[in-house]
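K.L.:
Before we start, here is the structure in question, set down as structure tokens.
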Amino acid sequence: MELNGKDKSDSPSDRVTLKKEIGLLSACAIIIGNIIGSGIFISPKGVLEHAGSVGLSLIVWVCGGGICALGSMCYAELGVTIPKSGGDYSYVTEIFGGLVGFLLLWSAVLIMYPTTLAVIALTFSNYVLQPAFQNCVPPYLATRLLSTICILFLTWVNCSSVRWATRIQDVFTVAKLLALGLIIAVGLVQICRGHYDALRPSQAFEFTRDPSVGQIALAFLQASFAFSGWNFLNYVTEEVVEPRKNLPRAIYISIPLVTLVYTLTNIAYFSSMTPEELLASNAVAVTFGEKLLGVFSWVMPISVALSTFGGINGYLFTSSRLCFSGAREGHLPYLLAMIHLKNCTPIPALLVCCGATIVILCIGETHNLINYVSFINFLSYGVTIAGLLYYRWKRPNLLRPIKVSVLVPISYLVFWAVLLGFSLYSEPVVCGMGIVIMLTGVPVYFVGVHWKNKPRCQNDMLMTFCRLRIDTDKAAD
């Protein structure tokens, strides 16, 4: 392994970097593979519950994709203007300074990405085990054990080879698109047969409760969980071949494709299930398969398991790069900036992501976790896109290969402010906990990062460990 022990004044050639092995196809696979994970199989229930009607829930899905498109255009500009791995964290640190960047990093490493990984892993295990427990919920211990095994296996793959990890992502991205393609195709057949009562305008907008702005905001938060991951290619910018060309291309191809697939998938769900049946289902795709596929209903849980397996791999791949970038900037222990000399993989960062996810697996339930993650996600998106406007004012003459219209970030921020405001009003405890989690990073920053004159023994112990690891790896080679 190799350790970045340099300070931030080092030249770019002295910084620890990772190989450029991600082409346009793999870049699209990373975006699509990270977005399409467990969300489309979990969130339809939450979106419908808060929207109150089929018609409004479909509008939320379409608008959610539109908002992601606006955000991704802003991230495309940031990605080619500040070509660093680390995504939101790297941009905010560059624009606003260390404290704000550290708070984003702290909330992401502590809760956001481990929680998202835990949710996807639990969905994977639930769908794999569902055929064996058809008339009941799979046992708590069994789902946790299978989720842990899956995360440990994919952590090993990511530690072993970047190429293996990206190939898994490519293959399972195709598999998950085929799974959703099957749902869409069966749904279209149902519609052609005249089974679309829930989609008729007269019934689609029959509300189960009086709609409120707060509930619609929570519906958008549920949908945003399904779309989360649209910015993840920015976390591996330094590994993208020709990032100024391939980063925006991958974004512009992937986001519209995912929005179309999500909308058609929800239409397919409503072609075979009443709103009441969808709300009562704990595994929407399995219920869909049982109603329409007969003896081939086993195809659905396997397809969803493949989809979520690829999602876990994608989140591990990208979230570990966030830890790596944070350590390289001095905001996390330098140990996490170590990479394997031969494999060029950030093994310590991957192990931290794996360990944090396993801890979250043992303490949380799926739907509560989604609300925490969605709020913190949206908070970080808004801060980052506000940074784009500030950076234009702060450095107007900086070369920007891509420069979006100023209306794009402003439109996103208006929606962002309304959504977060009403979410905070409707769920003050959940959203307030998200803010508290983020602010706990303030004392950590001042003690761990801002305080420069730490005891010498601490640094000596770390450097001794690093030398031992380097000697061990050289001996192994």
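Every residue gets a Cβ built from N, Cα and C, even glycine.
Keep in mind that TrEMBL annotations are predicted by a computer and have not been checked by a curator.
Found this in TrEMBL, in case it helps:
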- 21-42: transmembrane segment (TRANSMEM)
- 54-78: transmembrane segment (TRANSMEM)
- 99-125: transmembrane segment (TRANSMEM)
- 145-165: transmembrane segment (TRANSMEM)
- 177-196: transmembrane segment (TRANSMEM)
- 216-237: transmembrane segment (TRANSMEM)
- 249-272: transmembrane segment (TRANSMEM)
- 292-318: transmembrane segment (TRANSMEM)
- 347-366: transmembrane segment (TRANSMEM)
- 372-392: transmembrane segment (TRANSMEM)
- 404-426: transmembrane segment (TRANSMEM)
- 432-451: transmembrane segment (TRANSMEM)
K.L.:
Cβ pairs under 8 Å only, please: of the recorded stretches 21-42, 99-125, 249-272, 372-392, 432-451, which one is richest in them relative to the transmembrane segment (216-237)?
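P.N.:
Most contacts with the transmembrane segment (216-237): 21-42.
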K.L.:
May I ask which of the stretches 99-125, 292-318, 372-392, 404-426 has the most CB pairs under 8 A with the transmembrane segment (21-42)?
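P.N.:
Looking only at 99-125, 292-318, 372-392, 404-426, the most contacts with the transmembrane segment (21-42) come from 292-318.
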K.L.:
Taking 3+ C-beta pairs under 8 angstroms (sequence gap of 6 or more) as contact, is the transmembrane segment (292-318) in contact with the transmembrane segment (177-196)?
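P.N.:
Counting Cβ pairs under 8 Å, at least 3, so yes.
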K.L.:
Under 8 angstroms, Cβ to Cβ: which one of 99-125, 145-165, 177-196, 372-392, 432-451 has the largest number of such pairs with the transmembrane segment (249-272)?
P.N.:
177-196
K.L.:
Which of 54-78, 99-125, 177-196, 372-392, 432-451 shares the most C-beta pairs under 8 angstroms with the transmembrane segment (145-165)?
P.N.:
99-125
K.L.:
Of the stretches 99-125, 177-196, 372-392, 432-451, which racks up the most C-beta pairs under 8 Å with the transmembrane segment (54-78)?
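P.N.:
Of the candidates 99-125, 177-196, 372-392, 432-451, 372-392 scores highest.
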K.L.:
Using a Cβ cut-off of under 8 Å, list the residues of the same chain at least 6 residues beyond the transmembrane segment (372-392) that approach it.
P.N.:
71, 74-75, 77-78, 81, 88, 91-92, 94-96, 100, 104, 107-108, 111-112, 115-116, 119, 221-222, 224-225, 228, 231, 398, 406, 409-410, 412-413, 416-417, 419-420, 423, 430-431, 433-435, 437-438
K.L.:
Do any residues of this chain, six or more beyond the ends of the transmembrane segment (177-196), have a C-beta under 8 angstroms from a C-beta of it, and if so which?
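P.N.:
For the transmembrane segment (177-196), the far contacts come to 32, 36, 40, 261, 264-265, 267-272, 285, 288, 292-293, 299-300, 303-304, 306-307.
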